[in-house]
Every structure is written in C-alpha cells, then in structure tokens.
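Comments concern the structure below.
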Amino acid sequence: MSSALTFRSTKYLSSGFGRTEDLAGLTKPSLAEALKVGYRHVDTAQMYKNERIVGECIRESGIPREEIFLTSKVPNWDAGYDKASQAVDLSLNTLGFDYLDLYLIHSPPNGTQLRVDTYKALINAKKAGKVRDIGVSNYNIHHLEEIKSAGLEPPAVNQVELHPFCQQKSIVDYCNAHDIIVEAYCSIVRGAMDHPVVASIAKKHNKDLAQILLRWSLQRGFVPLMRSSNMVRIRSNADLYDFDLDADDMRQLDGLDKGSAGAVSWNPVDVA
C-alpha cells in the first residue's frame, strides 16, 4: 500500500480518535485527553462543526503537527469539482493548518459524474500539496469501480461502519484486493455492548467490552475509530496492545455478523 497512513502507522496511528458534533463543548477536553494518552490519529469533518476546536486543541497540546495524522472530510453538500476544491481550503483555514494528512469524501454524492468530479478535486488538492492522501467514506464497490473506470488514482482509504454485527464483507474484500485501507467507524457498536459473546470474551481476557470490539477491528486489519467524552474510557480504549484475541475469539465475533441489519448508523453505501 502506498498510503502515508500505512507508512507512518505506529500503535497510535493504527487506531484513531474522532468526534462528531460538539454538542456540549466536549470535543476539546476529550481530544486533549486523547492526545495526552497517546492518540496521534485525529478524525474530524466539516459536518461535525468542530474543525476550529480540533485545530486549537492540537496546537495547545504542544505536540508537533508532523506527529499528528489529521483527517477531515468534504460534506455531501459541497459535491462537485468547484465546491469540493473550496471545501478543502475551508477545512485548512478553519483548522489553521497548511496541510491535511488525509481528506475524504464524507459520503457518496448522488450520480456518477458528481462523484467523479468531487474526487478529481481531491486529486488536485493532493497535487497542490494541500492534502497528503485522499480517500472516501461510505463507498460501496460500484462507487469505487467508478474511480477505477475513470482512470483515476485509487483512494488510500475507505471509511465505513464496521464492527462484528455489520462486517460489510464484500466491501472489505474489495478494498483488501485493491490495497485500499479500511477505516472502521462505529467500532464500539452502540446497543451491543452487553452481548453475551462479547461479554464472555472480555471476561476471559480481563478487558472491557469496548477493548474487545476495538481489538477485533485491529486484528481484522482495520483502522478503528473511537469517540468518547469519558476520560476513563478514552484511556482504556487506547490500551489495546497487551493482548490478542485467539482464533476461537475471532471465530465467535465473526459469527455475529447481521449484514446491513446490523448497522447502527446511517449507512449510505447503497447510494445510486
């Protein structure tokens, strides 16, 4: 794989910290704690309305910018070449940095040409040095095939909902076959934290349920993204590297897949 995410990955970059909307002023303290305990992969988006806070927090942390892997995303309403080009500049200005490590299309716009034009804007932003790698989010196989058919460079990353209950196997298989890194959001799946299979494996390893779900993602080769406003949880979710799930653990977790019925978020992979 030729992505900077792969080349620069450490144990801190192989999982990431993200925040959605800053509903209660929680982004800054949460991200500050995440950086303090070792996270260096930060995921944000224009849609989350927290890029300014994320930029401030990174600067205030004292951690050199080059040690942070920073991702943002162009929102669906800025689809198209011109709007997406402007969206890149807006993200940079709002964050207060002169480059992003990774910039994604947040979800597939409606229509092949609009998707291709949006992606071309990201390619040119990369050529201009504004972003170091580009990718997509919530893209299904036919969306990825459009990029290939247009003769464009492949995305470095496809970020999709992934956890034992929604494994999106066909998308994952395609990405693996085409050297596209798979980032997993909703890794700590809401509403399934008390599942008896997950609970029994957590007890076996003396770990909490979230750690088991995140570890499953890591061992499947994904880059799991977590978010939390709980300081204890932020610290424990970073503690994933002193144990392994064995083959039986993985078999049990793999067996929980419910396909699209297991999705817990809006999952736009089937946009036409």
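Backbone N, Cα and C define each Cβ position, glycine as well.
According to TrEMBL, the protein carries these features:
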DOMAIN    31-257  domain 'NADP-dependent oxidoreductase'
ACT_SITE  Tyr48  active site, proton donor
SITE      Lys73  site 'Lowers pKa of active site Tyr'
BINDING   His106  substrate binding site
Cβ packing number for the residue listed as 'substrate binding site', 10 Å threshold: 23
Tyr48 (active site, proton donor) and Lys73 (site 'Lowers pKa of active site Tyr'), Cα-Cα, nearest whole angstrom: 10
The residue listed as 'active site, proton donor' - helix vs strand vs coil (DSSP): helix
Integer Å distance between the CA atoms belonging to His106 (substrate binding site) and Tyr48 (active site, proton donor): 11
Assigned conformation of His106 (substrate binding site) - DSSP reduced to three states: coil
Average pLDDT across the domain 'NADP-dependent oxidoreductase' (31-257), rounded to a whole number: 93
Site of maximum Cβ density within 10 Å, from recorded positions Tyr48, Lys73: Lys73
